[in-house]
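Read through the structure below, which is laid out as structure tokens, and then see the notes.
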Amino acid sequence: MDQGENDEMIRLGRRQNSKNSKSKSMRVNANFIRTVSVEESKSKSAMLKTFMNSLFWANFMAFIVVVDAVCTSADINARAADSGVSETFAVISDLCLALYTIELSVFLCISDCQTRLHWTMLMDIAIIGCGWAERLIQVVAEDSISFRITVLRPLRLVRIFRLLRSLKRLRPLRELHKLATMMATCFRTLLWSFLLCFVVMTVWAMLMVELIYPALLDMNRLEGTFEDCGYCQRAMSTVMDANLLLFQTVIAGDSWGKIAIPVIQRHPATAIIFVGSLLTLVFGVLNLIVAVVVDTFADARINDVQSLAEEMEEDLQYDRQILANLFARIDKDGSGELSLPELMEGARTDPQFHSRLRVMDI
């Protein structure tokens, strides 16, 4: 058999394979290396894990959390109005708690040890534990209405934070999930930031009590400047009162000129303390806290390789779907394959495909 007959047979074989491999649906395949065997991927545990991590289940549980939040709001409103709580809302809330427990039990069964110790899983366990603690308190302290009102409300409100689990799997809410994750990741940083802010405020408060408070008393005794403001007369009487004044006027920005402006006009040298506290706290400490919080979250995000890998996988699935829809739109004859003329025509007529080719410098 010569070379020409060999080439002809190869071409015929390719044509036959092309006919047999034609499909009516367009698919885009680009899988990363998996450490799971084919048998494991077809197991019931893997199928259950896929379903629990699917977008359908995420949307369903997000809806359940919203319904639970509505029931919690109705219950709190009823207690505030001193009226009876609807039994319907109570039953719906119990059903939501049962669904939370079932989902958590399934996740604990199909997850590995590292996933079980993740902070989101531990938070979920704490939230569901608060829910069952609420039910226990309702049974044990049924006659103590005041005790139930003060204890059950925080437990019910904690369950709303369970929406964080669903935010991770909903692409339109990815930014909201990043904000919630940043808040949880930087909680320790925020505590230290509050301590730093309190220390700086205390230093300025000591100066205010030592230097400004006598001047304030003289103004009130000789001129009656603060006779109509009982709070102003004792705003700097102690270090903690001065701290509260700084927090109100500098941090919260409430009525800064009510005490500061009259005192500065009567004693201009006190502007050093008032303006100095404003500059160091607002333009110094608060901006420094923002920078440290952002830096802390950036470091945590870089080191969180698992979350980055999951986001890359989600982006890959999203891009696959977009490409599949794009190729199906270009495939005019519906054969499931794209020929060179179809590609050329799609590049000329389809704006999205044209833009992608342009980005790839084609």
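Each Cβ is built from the backbone N, Cα and C atoms, and glycine gets one as well.
Quick look at what TrEMBL annotates:
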- 1-25: region 'Disordered' (REGION)
- 12-25: compositional bias 'Basic residues' (COMPBIAS)
- 54-76: transmembrane segment (TRANSMEM)
- 88-110: transmembrane segment (TRANSMEM)
- 185-207: transmembrane segment (TRANSMEM)
- 271-294: transmembrane segment (TRANSMEM)
- 318-353: domain 'EF-hand' (DOMAIN)
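Mapped onto DSSP helix, strand and coil, the domain 'EF-hand' (318-353) counts 26 helix, 0 strand, 10 coil. Along the domain 'EF-hand' (318-353), the predicted structure has mean pLDDT 83.
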